[in-house]
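J.: Encoded as structure tokens, here's the structure I'll be asking about.
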Amino acid sequence: MRVIAFFLVGLAVHVIFFISIFDIYFTSPLVHGMTPRATTLTPPASRLVLLVADGLRADSLLTLLPDGSSRAPYLRSVIEESGTWGVSHTRVPTESRPGHVALIAGFYEDVSAVAKGWKENPVEFDSVFNESRHTWCWGSPDILPMFAKGASGDHVYTYTYPAEEEDFASTDASRLDSWVFTQVKSFFQSAKSNSSLRASLLEDKNVLFLHLLGIDTNGHAHRPMSQEYLDNIGLVDTGVAELVSIVEEFFGYDGRTAYVFTSDHGMTNWGSHGAGHPSETLTPLVVWGAGVHNALRVTEPQPYDDGYLQDWKLEHLRRVDVSQADIAPLMASLIGVPIPVNSVGVLPHTYLNNSDLFKAESMYTNAIQVLEQFKSRSSSLFLCLFSFFPPRQLTESKQAGFINKARMLIQLEKYEDAISLCQSLITHSLEGLVYYHTYDRFFLGCSVVLGFVGWTSYVVLVILKTHARLNRHPSILRQVKRLCMCVTVVITGFLLIQRSPVTYYIYCLLPVPIWYSVLKESRTLTDLIQSAPSLPLWKCFGYFVLVAFGVELLVASFFYRAVLTVGLAVLSLWPFLSGLVGKAKFHSLSWFLGSLFLALFPLMPVVGREPNIHLVTCAGLLALFTSACYLWSSRRRTPLHLGDRQQFVAQMLHVAVCAYVPSLTHSSLQQKQGLPLLNQIISWTTLGSSLLVPLLSSTRLFHRLLSIFLSLAATYLLLSTGSEALFLPVLSWLMFVWINIEQEAMLAQGVSGRQELSTIDFSANIDIAKIRHLKLDDIRRSYFFVFFIITAFFGTGNIASINSFDPASVYCFLTVFKPFIMGGLMMWKVIIPFIIVMCTFETIQVVTQLSSRSLFLIVLVISDLMALHFFFLVQDYGSWLDIGTSISHYVIVMSMTIFLMLLSVFTHILTSQRLVLWRRPKVHFP
């Protein structure tokens, strides 16, 4: 297979494997075709006021001040006197859109919403707002439109402030919440003179929704322990008290209004959210008003051992915890609207202060609503092979038995038994939903594993065939061709019977041509087996053990960053163990020290948790110092042309400016003066030119690499907030030493044709006659490369966790909340060290006289083995949190592999091409 064809086929295969994980584990949980159901009894409330304090932690609201008072006195009085309270447990990802969907629609968001920034609906869904008669919403333009868009009819009205108001550099982000409360006051004031609006408000089954974003914005900008965040809680408390007074006055104190106060997610101490830390998943829930129990004092210990009751001084009041999705059926029951048809929430009936009959009927409605989802899901999969074995607890006869018994118990006024039975039916229905939602995971997983193993085997055979002087003539038996055709027909027929989507055909049929290609190389494998006695078996076995251990080390580093420290400490000894220290003492010592310095970073706190802008300035000075030292030391060996000298001076001045800009920006934001326009212009100009400027420099090896480093370092400094800024100069120094020491290793192996590094030109044509075959030591080079790539990814934080991202990293570029732009900038920050390592690997391939394809094939094998390892871990784990972690790691490895394939072309251009902006015109003589 030619190089270009192999590259395209490999890229396509990895893209398919990458996408497969989303089809297998992140398909939409929604089913359709159910009929909305509501209890026929009169509800206790005519209207509901839902207040969501975005980003509010449970402990921030409920912890008392040192003097014993509360920073939210009104809500504290509700908890102690007139309402029921608890902790709402959210799920990962703890982001605004999934949180609000869980609260208002009752189901947990699927990952497909990431592609739309958690804002729009990837799929349409039902919600409490949709089932209401009228819903009025005030708040953020990021949240409200998605519920208006998903509602049937035009009964959901939204009032939002401009998106530009969501500014992390705002002088006072609490003004977002003040705006909401002011708008609601004006709304009720205008309703007094607007007869049609007043008539609509006086109808039943209405919802008023207030989305309060100020707390979240202040938490991101100043951290949850800041005075701004805590003062914003007090402002919201005051606003809630005033709102209740206005609402009660407008409706004549009719006692028909229910209030729900909660949060969509919490926030870590360093101002981020998205992962599963308790500070992110524990949010407050306070419910009061019509149909809700007053505070119930208890004397016996409550069934919570988390210690929060004592910390919050609330052990004497009944606490009722819920899952976040349970709030949707609670709100629906309070105002008598149908529970959203896709809700998986379980009605927390202990919140209700109504008759036992109403509680039992509401619970029965909830059970039927969840059972309808199970029946719809199972009926849509009646042709599925695995549906021949449905959950035993919910056969059709048992469903009927549950329903009849529940109705009988209600008629016999055995309400507690009826509620218990309905809860059991909900549990079985939810288990059945999960069963049918995940029934094909094993089948698809086996197909992907077969494809992975086949592809890895094929790449290994290609390496052996190319470099081991084995039989290079492919052969295939007719029986194998027929077998592959039969397997293709059987799989296709199986998928047709199941009415599977098109992507399933790709995942299940892809292993067939891959294994066909493997079997075509059977002669290569036969020759290898026959030549085994003549190979250095112990040496091969030793390399195999080391590679296996190395892959396990890399896999462990995804879970424990400190493993990278251990790995770097071991790598630091390589020159001493290989004997290179005797031939290259300075480079060996530099390698030893560089590895140990780099090993410190995985032990440091994750990026963003302890910002220190002074370290960014120090990193800039370090980059300038190392660059100046190199230019001074190499001035005789490789003298610079005037144009190159001027460019390097300009780049170094640019780095100096970029080292100062974060400090200036940070100071301006602390003084609440906003983001200076000049800083913003410098930042965006630096970003835009970061990949263009190196193309203007000389293509001499170290000159081009230095230009790439200075250009990327400038952008990296602008995106740094603390110790991670030092990571790039240290990593780049180690990469510089690696290039030098690899040439010494080649000399020690007796490879002829050694060329002085300072004279190598990336743009020079490669002499094909000098390209050598792979050696066992090239496995070590490839492993070093993969290890440094993982170190570049995880050295300053675990990018598998969204908590490693700090919005402060992009404040030099923008402070207004724009998720796609911010996410893109943060990912570019992650990729910059990746590019440094990739350029180094490109250089090593030139220095060691290897074709770019040769070493890259070994890299593919190592990365694919890691991805396969994570895929197996996904299959083994039981809890969703563990599965999600392994899936994120699998996605990272696959993304890394695809990046490697694409960046191999990109870095070749970045290192070997040169832009000439001005060329002296040629003079033509007649």
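Even glycines carry a Cβ here, placed using N, Cα and C.
Pulled these from TrEMBL:
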type	residues	note
DOMAIN	431-879	domain 'GPI ethanolamine phosphate transferase 1 C-terminal'
TRANSMEM	442-464	transmembrane segment
TRANSMEM	476-496	transmembrane segment
TRANSMEM	502-519	transmembrane segment
TRANSMEM	540-560	transmembrane segment
TRANSMEM	566-582	transmembrane segment
TRANSMEM	589-607	transmembrane segment
TRANSMEM	613-632	transmembrane segment
TRANSMEM	677-696	transmembrane segment
TRANSMEM	725-741	transmembrane segment
TRANSMEM	782-800	transmembrane segment
TRANSMEM	820-843	transmembrane segment
TRANSMEM	855-875	transmembrane segment
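Provide an account of the burial state, proximal residues and distances for the features listed.
T.: Here the domain 'GPI ethanolamine phosphate transferase 1 C-terminal' (431-879) returns a mean pLDDT of 83 for the predicted model.
Beyond the ends of the transmembrane segment (442-464), by six or more residues, the same chain brings 1, 6, 10, 13, 16-17, 20, 23-24, 386, 470, 504, 507-508, 510-511, 514-515, 517-518, 521, 524-525, 528, 774, 854, 857-858, 860-861, 864-865, 867-868, 871-872, 874-875 to within a C-beta distance below 8 angstroms of the stretch.
Beyond the ends of the transmembrane segment (540-560), by six or more residues, the same chain brings 566-567, 776, 779, 783, 786-787, 790, 794, 798, 800, 862, 865-866, 869-870, 885, 889, 892 to within a C-beta distance below 8 angstroms of the stretch.
Through the fold, the transmembrane segment (613-632) approaches residues 640, 648, 652, 655-656, 658-660, 662-663, 666, 702, 706, 709-710, 713, 717, 720-723, 725-726, 728-729, 732-733, 736 of its own chain, all at least 6 residues removed from its boundaries and within a Cβ separation under 8 Å.
Away from its own ends, the transmembrane segment (677-696) comes close to residues 647, 651, 654, 657-658, 661, 664-665, 668, 704, 707-708, 711-712, 714-715, 718, 812-814, 825, 828, 910, 913-915, 917 of its chain (Cβ-Cβ under 8 Å, at least six residues beyond either end).
Sequence-distant contacts of the transmembrane segment (725-741) (same chain, six or more residues past either end, CB-CB distance under 8 Å): 575, 580, 584, 587-588, 590-591, 594-595, 597-598, 601, 615-616, 618-620, 622-623, 626, 630, 702, 705, 709, 712-713, 716-717, 757, 784, 788, 791-792, 795-796, 832-833, 836-837, 839-840, 843-844, 847.
Only residues 6 or more beyond the boundaries of the transmembrane segment (820-843), in the same chain, are considered here, and those with a CB under 8 A from a CB of the stretch are 117, 687, 701, 705, 708-709, 712, 715-716, 719-720, 727-728, 731-732, 735, 738-739, 785, 788-789, 792-793, 795, 799, 805, 807, 809-810, 813-814, 852, 855, 899-900, 903-904, 906-908, 910-911.
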J.: Under 8 Å between C-beta atoms and at least six residues away from its ends: which parts of the chain pack against the transmembrane segment (855-875)?
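T.: Hits for the transmembrane segment (855-875): 10, 17, 21, 25, 442, 445, 448-449, 452-453, 455-456, 459-460, 462-463, 547, 550-552, 554-555, 558, 774, 778-779, 781-783, 785-786, 841, 844-845, 883, 886-887, 889-890, 893-894, 896-897, 900, 904.
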J.: Honestly, do the transmembrane segment (566-582) and the transmembrane segment (589-607) touch, with at least three Cβ pairs under 8 Å and pairs 6 or more apart in sequence?
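T.: Between the transmembrane segment (566-582) and the transmembrane segment (589-607), contact is present.
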